[in-house]
Structure formats: C-alpha cells, structure tokens
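TrEMBL annotations:
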- A:68-283: domain 'ABC transmembrane type-1' (DOMAIN)
- A:12-31: transmembrane segment (TRANSMEM)
- A:71-91: transmembrane segment (TRANSMEM)
- A:103-126: transmembrane segment (TRANSMEM)
- A:157-178: transmembrane segment (TRANSMEM)
- A:214-233: transmembrane segment (TRANSMEM)
- A:267-288: transmembrane segment (TRANSMEM)
Amino acid sequence: MNKYFSTKVSIFVFAFPALLLFTLFCVYPLLPEIWMSLHKHDGFRNLGFVGLNNYKEVILSSSFWTAHKNTYLIVAISLLLGLPLSMMLSLFMDAQTPKFRRFFKTVAMFPAILSVTVVSQIWLAFYEPNWGLFNAILNSLGLSSWTHSWLTEKKTVMPSIGLTFLWQYIGLNAMLFYTGIKTIPKSYYEAALIDGANFIQVSLRITIPLLQNVIKYVLILSTLGSMAFYSHVRVMTAGGPGDQSRTVIYQMYYTAFDTSEFGKGTAIAVIFILECLLISFFIQRFVARDKLEF
Amino acid sequence: MSLKSKSEAYKNPFGLPSSWDWLNFSEALSKYHFYTYFENSVIYTTGTIVITLLTGSMLAYCLSRMQWRFNSAMLLYVSMGLIVPIEVVVIPLFQLVKWMHIKNSYLGLILPYSGFAIASCVLMLYAFLRSLPNELEEAACIDGANVYQTYIKIIFPIVMPALVTQCVLIFIRIWNEFPLAFIIASKDQLRPLTVGLLGFFVNVGVADWGLIGASMLLSSLPMIIVYLIGNEKIENALTAGAILK
C-alpha cells in the first residue's frame with residue numbers, strides 16, 4: 001500500500017521543496033565559507049588565493065584569543081552556574097502547589113520571551129554608572145568602594161554581560177527541566193516516600209538521574225547557544241572597551257563587515273564550526289550514553 | 001519607567017513615577033516607526049511559519065510513509081541542521097541572498113529562516129507521523145484518493161496539533177531573532193522590531209529613558225500577549241522539543 005503512493009513523481013514533489021530550502025540555506029553556505037576563507041576577499045571581489053594565510057593571521061592576532069576567552073567564559077557561566085541554578089529552580093517549581101507553580105512558571109519564562117534588544121537595554125539601565133540600579137544599591141549599603149562602571153571596565157564587562165545572558169535563559173532551561181520532571185512516573189516517588197526519603201534525597205537519587213536525557217538536551221542546547229553568543233554584546237557594548245567584550249562570533253562579524261576582510265572573517269567561522277562540531281560530538285559521545293526507558 | 005518624563009527618569013529611575021506621563025507612548029509611536037517594524041516582524045514570522053510547516057511536513061510525510069532508498073540517509077542529513085548555529089554562516093548567507101537579488105525583499109530573511117527551521121520541524125513531525133497507524137491511508141486509498149488528496153485531506157488535519165506546536169516554537173525563535181536580521185535587513189523599511197528598536201535607541205541616545213521605556217514596552221507587548229494566551233501550548237512545545245533528542 002505504501003508502494004502505491006511511492007511513485008518517483010510523488011516522492012520528488014514531497015521531498016524536493018524542503019530539501020532544496022535546507023540545502024541551499026543551511027548546508028550550501030558552508031562551501032563558499034570554506035572557499036572564501038582561502039582567499040583574500042573584500043565582500044565584493046575576490047583578490048586572489050592565499051591558501052591558509054587567513055587562518056595563520058587570524059590565529060596570530062590577539063583579538064582572536066580575547067574573543068575565545070570571552071566566549072568560553074560565557075559557556076562556563078551558563079554551564080557551571082546556569083544549569084545547576086535552573087535545575088534548582090525546576091525542583092523548586094515542582095514542589096509548589098499548582099497555583100504557585102503557575103505563577104512561577106510564568107515568571108520564569110518571562111525574560112526568555114523578551115527580545116535580546118529589550119533585555120539588554122533593561123540591563124544597560126541597571127549597569128549605568130551614575131544612577132544605575134547596581135551602583136545605587138551599593139551606595140545605599142555604604143559600599144561605595146565596590147561600585148564600578150560595569151560595562152566600560154575591562155575586568156567587569158564580560159561577567160556583567162554574562163549575568164544578563166544568565167538571567168534571560170535560566171527560566172527557560174528550568175522549564176525544560178520541569179517538563180522533563182513531569183514525565184517521570186509517580187510510582188518512583190511513592191516508593192521513595194515509603195522508604196522515608198527526604199526532598200533532597202529524592203531529588204539527587206531519583207529526579208536528576210532519571211532526567212539525564214533532558215539534561216543532555218539542555219546541555220547541548222545551552223553549550224551551542226552560548227557559543228554563538230553575539231546579540232547581547234552587540235547591543236550592550238558593541239564589543240568595547242577596545243576588543244575586550246568581543247566574542248568569537250562578534251569578532252567574525254567585525255572582521256567581515258566592519259573591516260571588510262571577508263576572507264579572514266570566514267576563516268574564523270570555519271575554525272568555529274569545527275569547534276562546535278567537536279564539542280557536540282564529545283557531549284553526544286560521553287554524556288548520558290544509554291537511553292533510559294520507563 | 002515608560003510613564004516618566006525625561007527629567008524624572010533621571011532623578012528617580014526605579015521608583016514609581018510621581019506624575020503619570022502618557023506622552024511617552026504617543027511620542028514613541030510617532031518617532032519610532034513602530035507600525036512598520038511591527039508589520040515587518042509579522043510578515044517575517046508568518047512567512048517563515050507557512051513555508052516551513054508546508055515544506056517540512058511534506059518532507060516528513062515522505063520520509064515516514066513513502067518507500068524510498070534514501071529515507072534514513074535523508075533523515076540523518078536533515079538532522080545535521082540542528083548542530084550548525086545560524087550565526088556562523090551569516091557571511092556566506094549574506095552573499096547568497098545578495099546574489100539571488102532578494103536582499104531588499106522580505107524573502108531575503110524568510111527563506112534563510114525557513115531553511116534553518118526545517119530541521120527541527122521535520123524531525124518532530126517524522127516522530128509524530130511514525131506513531132500514526134497505516135490504516136488511515138489504506139482506507140483513503142481504497143476510496144480512490146491519490147497521494148496528494150490523501151495528504152491534504154487525511155494527513156494534514158491529523159498532524160495539526162504537532163503543527164501548532166511547531167508554529168509556537170518558530171514564532172518564539174523568529175520574532176526575537178537578531179543577528180541575521182541585523183545584517184540582512186539593512187534597509188529601515190525592512191527591519192523587524194528587534195533590529196528597529198536598536199536603531200531607535202541609538203538615535204534617541206541614553207538621555208531619554210522615558211521614551212526608551214515606552215518603546216520597549218510597546219515592542220514587547222505582542223510577544224507577552226501571545227505568551228499569556230499560548231502559555232499551555234508553549235509548555236507543550238518545550239516538552240516536544242526535549243523528547244526530540
């Protein structure tokens with residue numbers, strides 16, 4: 001019966017449009033990216049083949065390493081701080097009465113549905129050195145020596161932007177965890193309750209181990225998401241002071257569109273795609289390998 | 001914040017306003033091309049949703065129901081799309097869109113967005129279609145329907161819940177998408193809200209926080225309304241996303 005439908009024409013009609021779109025816009029761009037990275041290119045003209053020279057120049061520039069340091073700082077913040085916090089938040093939501101849970105769920109999702117521009121602008125107001133919220137709080141607590149010009153000082157700029165990012169997506173991750181918790185059969189909890197386990201024991205022994213598939217999904221999602229970190233930087237500091245808050249993607253944009261060195265920009269992109277592939281491969285390979293069935 | 005006058009926003013940025021100044025809203029609406037940006041955002045989002053759901057569901061149907069030599073290879077090929085972040089291929093995408101002469105049209109963003117949304121759409125619908133019994137189509141077949149009629153009249157209505165879920169996911173993603181829109185929609189008339197808002201902030205400068213607050217609220221309102229209405233749907237969409245992997 002499936003044979004009856006599977007004529008060459010019908011397969012073509014059904015498969016072609018999506019495959020064309022996907023190939024043209026998602027897969028095909030990788031080829032010119034590699035090609036361009038081997039040439040000197042200003043966005044309009046190809047100025048000749050330069051081999052691996054772009055790669056060499058990119059790797060030798062200090063901005064490239066600053067950008068890497070910043071990007072992986074964001075990855076570290078979102079994995080080491082963000083994931084545990086959102087896990088705690090989701091366990092907390094699960095322990096509430098339905099009415100409160102509804103409220104917390106709405107509040108948690110709220111920042112994630114706002115656009116990057118809006119969130120960044122709100123936090124720009126918080127970080128403002130003269131009348132911003134953070135300095136105002138520090139001043140009123142008598143800690144004036146702790147105040148900073150958060151977004152223009154080399155030391156504080158990246159953690160400040162990272163905090164904004166964390167604030168925006170913690171609730172979303174918590175919601176993902178929470179939806180995972182809902183799928184765990186209640187019988188496990190009943191059994192634990194009979195054995196006299198408390199909330200922390202139940203969370204550590206039952207909930208978190210049974211959530212490993214969801215944890216893996218969130219891990220990949222937030223790793224790749226924070227590696228592609230760009231928009232907040234664009235709105236909040238435009239990479240400044242100097243190149244101190246540029247991330248890899250920002251550096252790529254900057255090189256290609258602001259200095260018109262498309263060859264070098266694409267070289268950064270190619271290196272970065274390899275990093276992304278490598279990292280998602282490692283997560284796939286080593287985290288939560290066996291699928292749980294319940 | 002959005003209800004404060006310029007001077008009060010400065011002196012008392014985080015307290016409640018002393019007098020409620022609604023002027024900021026009308027001023028924001030007139031100075032800032034809110035309607036244009038809003039319309040653009042709507043066009044980009046609906047365009048992407050329509051194209052992705054239509055082509056994606058067809059491919060998912062083909063992969064799950066038709067007998068084809070490359071079924072599993074194609075599934076693997078499409079799932080690769082989940083790994084490449086859209087941000088890293090912006091440079092060649094920019095060149096491609098320019099070369100296709102769609103840079104200064106809505107298609108310049110809609111088509112790339114669709115290309116990137118197809119992967120997760122196909123994978124989710126594939127899983128959904130797999131769980132449906134074959135008898136549905138056999139009955140249609142006996143009644144003499146051809147494959148296109150079967151698809152439109154039988155399959156499309158059945159996958160509707162999954163399509164709605166995808167619709168929500170794509171909406172959240174595209175409405176707030178920034179990097180690609182920032183690069184490709186460089187003409188003011190084509191900018192979506194997220195990018196238009198940034199341009200507006202730069203024009204206003206840091207001085208007028210009342211005006212900035214008003215425009216932020218205005219631009220977030222559609223998303224907030226959609227969220228409050230589709231609360232439940234969004235939660236279901238998240239669950240679907242989490243079991244996908």
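Just so it is clear, glycine is given a Cβ too, placed from its N, Cα and C backbone atoms.
Cβ atoms under 8 Å from those of the transmembrane segment (A:214-233) belong to residues 71, 74-75, 77-79, 82-83, 86-87, 116-117, 119-120, 161, 164-165, 169, 173, 176-177, 179-180, 208, 239, 245-250, 253, 272, 275-276, 279-280, 283-284, 287-288 of the same chain, restricted to positions at least 6 beyond its ends. With a threshold of 8 Å between CB atoms, the same-chain residues lying at least 6 positions outside the transmembrane segment (A:12-31) that come near it are 273. Panel annotation: around the transmembrane segment (A:103-126), residues 89, 92-93, 96, 132-134, 151, 160, 163-164, 167-172, 174-175, 178, 231-232, 235-236 of the same chain, lying at least six beyond its termini, place a Cβ under 8 Å from a Cβ of the stretch.
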